[in-house]
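Record features, source TrEMBL:
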{"type": "BINDING", "residues": "A:Cys84, A:Cys89, A:Cys125, A:Cys129", "note": "[2Fe-2S] cluster binding site"}
Amino acid sequence: MPMQPASTEITSRTAAIIQELKGLEGPLLPILHGIQEEFGHVPHDALPVIAEALNISRAEVHGVVTFYHDYRSHPAGRHVLKLCQAESCQSMGSDAVAAKLKQLLGIGFHETTRDGSVTLEPVYCLGLCACSPAAMLDGQVIGRLDDEKLDEIVAEVRS
Amino acid sequence: MIPRIYIPGDSGALALGAEKVAKAIASELAERGIEAKIVRNGSRGAYFLEPMVEVATANGRVAYGPVKTSDVKSLFDSGFLTGGHHKRWLGAPDKIPFLAKQTRLTFARCGVTDPLSLESYKKHGGLNGLTNALGLTPAAIVAQVTESGLRGRGGAGFPTGIKWKTVLDTVGDRKYIVCNADEGDSGTFADRMIMEGDPFVLIEGMTIAGIATGATKGFVYIRSEYPHAVAVMNKAVEIARKAGVLGASVLGSPNAFDMEIRVGAGAYVCGEETALLDSLEGKRGMVRAKPPLPAHKGLFGKPTVINNVISLASVPVIMDKGAAFYKDFGMGRSRGTIPIQIAGNVKYAGLFEAAFGMTLGEIVDEIGGGTATGRPVKAVQVGGPLGAYFPRALFDTPFDYEAFAAKDGLIGHAGIVVFDDTADMLKQARFAMEFCAIESCGKCTPCRIGSTRGVETIDRIAAGIEPEKNLALVTDLCNTMKFGSLCALGGFTPYPVMSSITHFPDDFKPAPVRVAAE
């Protein structure tokens, strides 16, 4: 697992991100995206810093962070694999793809392998519905998943 | 002349290996010492042919596809740079039947031009609409959009011109144009294609909207699942700003308009316009009660036009060629063209822009070519996760807002997902409820709690526990959700559920009967 930065470091790096984005209209989501990009998740210690800077309560910040699926409270694995589970992919057998991947990786959805190599997540549509079933590995899109492509994905995340 | 090779950078094409093909072509060019320009265009939308590589020849463009990296050497050997014959040869792209049958107005440039070349955009008719708009009064622009009959392409089908007029007529010290690019419906990818393949058309449409309503600031709210679209839009805004299309003086006029790209954070409900506004403001994406309408009190309480990507991207062609030209396409109260997205288990999947009025059967069987698996079509879901499942018996329904509503369905964002006869409609109905439970913002009880109870009740039907009684319960629950929810998430989840129950009753019969029936 990656080392967690100390809270003073979180505070200073968070403050720098806030400083850069504070001037935007409605800056909270861009700030949270910036923090997640910086730390790989939204550390708990960052919340009071944001609340203070934007003059809102910590509860409000917490409410926003927990509302959106994207924000993580803990770091993900080194790779993040998002597997589409929406209707178009369902029509092309995404259930079976999910079952096979879970078996190959030994984890379920929203879980990270014990070696920290990969986090598996369901996603509801990647806009790749004309080449279902689809997935996204670390931002790279993959369409028409088949056994061969699944093996390639597993090999890549394990390497 | 240096040869030009077009290799799509569209994420659908990338998902099918376009990047590897581009690299292979680049290295082959280097190896053979050939000088050529590689253009990363958008996709024309024929995804069954992607990655589709095109070359510009003296006789026009010639397409090859679907190209695999293993084809690259032989393509060069066959002289593809001058249109030579090869097993992947498709000929002139606009003669490919899937593309030749379309009426491309909104998507005229998508897949043709270099998405990030403003020169190329202008050469293909770009900025004509904005230039015309700058010569008109705001009221005249609004009148033209109203006259065109353009209706919101996001799903609700509300007349775009009327929305704009409300904002124009509302007094405000600051007004906003918000583009809803939170395209979360499964089976839809038109917004993504336009943003990746012709971003300037959206920028132009938003700028026209700004001038028409007196708004000076625009936001595009793009879902985070679309990182490629976000990247292209950011670059395009930068280019447009430098070229003076955006900024304090739009194309040298006294009008100011600028815009920002914002990224969502994985909440489906933010595709609902008022939840999207809350999200832009930095709040939880909770649905607002209407009134007040966003046109009166929208983003930060200011008058706001909120339109879908395709609605805004359709405006430039209307302002370029006139309301009458656009209105001439279509049927009934559904005017113009609609980019139909044919997806799921279908042979020829892709984007098909056509005038309203084709029947569902024509789209699925003739254009889509039936299922990819070769099995019979059992059901098609039109309009995303909140759209109804239609059986073959309803394939004569014309693609038109009112015709679909009359059959208890909706066009939505015009995505069609095809299922073959292995689909279990009880499972699909259960998923609709489950999805609603996952994505509910929690404001309305029927949506928040009803969806969970819906999953449980459908599970009881599947287990054969008092099926008749539980079916009645689901029906009653759907009725409560439909009329007791503020937005379409809770309000429309009953469409897929009830259409499954109505059109595919056998799938809801107790398990022993279902097994016996097979």
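Numbering starts at 1 and runs along the chain as displayed.
Even glycines carry a Cβ here, placed using N, Cα and C.
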Residue among binding-site residues A:Cys125, A:Cys129 with least C-beta crowding, 10 angstrom cut-off: A:Cys125
Protein Cβ atoms within 10 Å of A:Cys89 ([2Fe-2S] cluster binding site), excluding its own: 32
Count of other CB atoms lying within 10 Å of the CB belonging to A:Cys84 ([2Fe-2S] cluster binding site): 29
For A:Cys129 ([2Fe-2S] cluster binding site): DSSP state (helix, strand, coil): helix
Per DSSP, three-state class assigned to A:Cys84 ([2Fe-2S] cluster binding site): strand
